[in-house]
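See below for the structure under consideration.
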Amino acid sequence: MGTPCEPASPEPIRDPVCEEEQLDSRVCQDGGSAKTGLLVPSEQPDTNPPSFVAAVGWMAVNTLATVGIVFTNKAIFSDPSWKLCQLTFASFHFSVTWATLFVLSRPHFTCFTPRRASIQHLLPLAIAMCLNVILPNLSLVFSSVTFYQVARILLTPVVALMNFVLHGAILPPIAIAALVPACLGVGMVSYYDSIPTDSTIQTTSSLGIAFAFTGIFASSLYTVWIASFRSKLQMSSMQLLYNQAPIASFLLLYAIPFLDTFPDWVHVSTNMWFMIALSGVFASLINISQFFIVAQTGPVSSTVVGHLKTCTIVAMGWMVSGRAIGDRAMIGVLVAVAGIIA
């Protein structure tokens with residue numbers, strides 16, 4: 001796991017706060033990768049044979065970090081004083097992402113060679129990156145963890161639709177058939193998870209559903225744009241993210257004073273500061289581990305890891321929500337998960 005980086009063929013990237021999630025929507029180039037914000041290899045082939053132990057280790061790190069960041073962020077946003085501090089939180093994660101990339105570009109690691117692009121060219125992508133993080137985070141604030149993760153399954157059909165409209169890309173009939181139960185399952189979860197059954201059971205509000213679907217649109221657009229910008233600017237995934245992350249973070253600084261409601265910093269507990277720092281650590285681990293997963297095992301294994309993360313987060317979210325196994329929303333969860341695994 002400490003092996004120096006050996007770049008391989010590039011794939012789209014995604015910021016990990018959203019976490020998680022566009023990896024499951026692999027409908028773009030190279031077999032349909034759509035996991036944006038995560039670090040993936042550069043252009044040149046890997047000359048060293050992959051280590052099975054190292055690959056399994058990085059898969060475990062990636063899965064645990066992804067599950068950890070979802071539940072850590074949910075705990076942070078459950079505090080009313082942090083619920084409306086979304087822009088600051090997103091800017092923090094973008095800064096952590098850039099810092100991670102900066103370290104990986106140093107001579108000791110040499111995962112990639114930084115390249116520059118003009119702010120004018122990257123501005124639309126940076127704005128999409130901001131929405132790709134903020135809207136899903138707001139969905140997590142106003143919905144259950146189970147609904148949040150299941151709704152992200154819709155990234156696959158939405159990205160496929162955008163690719164068809166913008167680029168004329170068509171999925172195989174079998175893949176299209178698998179999207180039908182996924183969409184049906186998300187619809188069932190959206191309905192049943194929003195019905196209050198008990199005061200002790202966590203449900204999803206209409207605001208959470210609205211943020212979820214707008215977030216899916218923003219994330220899908222961001223996914224499609226990444227491929228376009230990489231081709232237009234002739235950059236690898238890591239080079240592109242290295243340029244756009246600080247721009248996105250800086251853009252949010254203009255809006256933070258007007259839109260964010262800050263907590264009373266003096267009374268922020270040590271535990272809360274620890275969770276915020278932990279969230280940043282998880283973000284870095286997701287970035288680094290995803291790079292090594294794709295570099296050592298390829299995009300197919302990376303997709304399997306994405307399915308594992310979805311199932312784990314959905315199962316854990318269901319357990320902490322207080323819902324019974326016989327709850328009707330469970331049927332929707334099973335249908336949706338079966339769709340993505342198929």
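Cβ atoms here come from the backbone N, Cα and C positions, even for glycine.
According to TrEMBL, the features are:
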- 52-72: transmembrane segment (TRANSMEM)
- 84-105: transmembrane segment (TRANSMEM)
- 125-148: transmembrane segment (TRANSMEM)
- 160-187: transmembrane segment (TRANSMEM)
- 207-228: transmembrane segment (TRANSMEM)
- 240-259: transmembrane segment (TRANSMEM)
- 271-294: transmembrane segment (TRANSMEM)
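The transmembrane segment (52-72) and the transmembrane segment (240-259) are not in contact, since fewer than 3 Cβ pairs between them lie under 8 Å (pairs 6 or more apart in sequence). In this chain, the transmembrane segment (271-294) lies out of contact with the transmembrane segment (125-148); the count of Cβ pairs under 8 Å, excluding pairs fewer than 6 apart in sequence, is fewer than 3. When the stretches 160-187, 240-259, 271-294 are ranked by Cβ pairs under 8 Å to the transmembrane segment (84-105), first place goes to 240-259. Outside the transmembrane segment (240-259) by six or more residues, the chain places 13, 15, 37, 39, 87-88, 90-91, 94-95, 97-98, 101-102, 105, 112, 114-117, 119, 122-123, 125-127, 129-130, 226, 229-230, 233 with a CB less than 8 A from a CB of the stretch.
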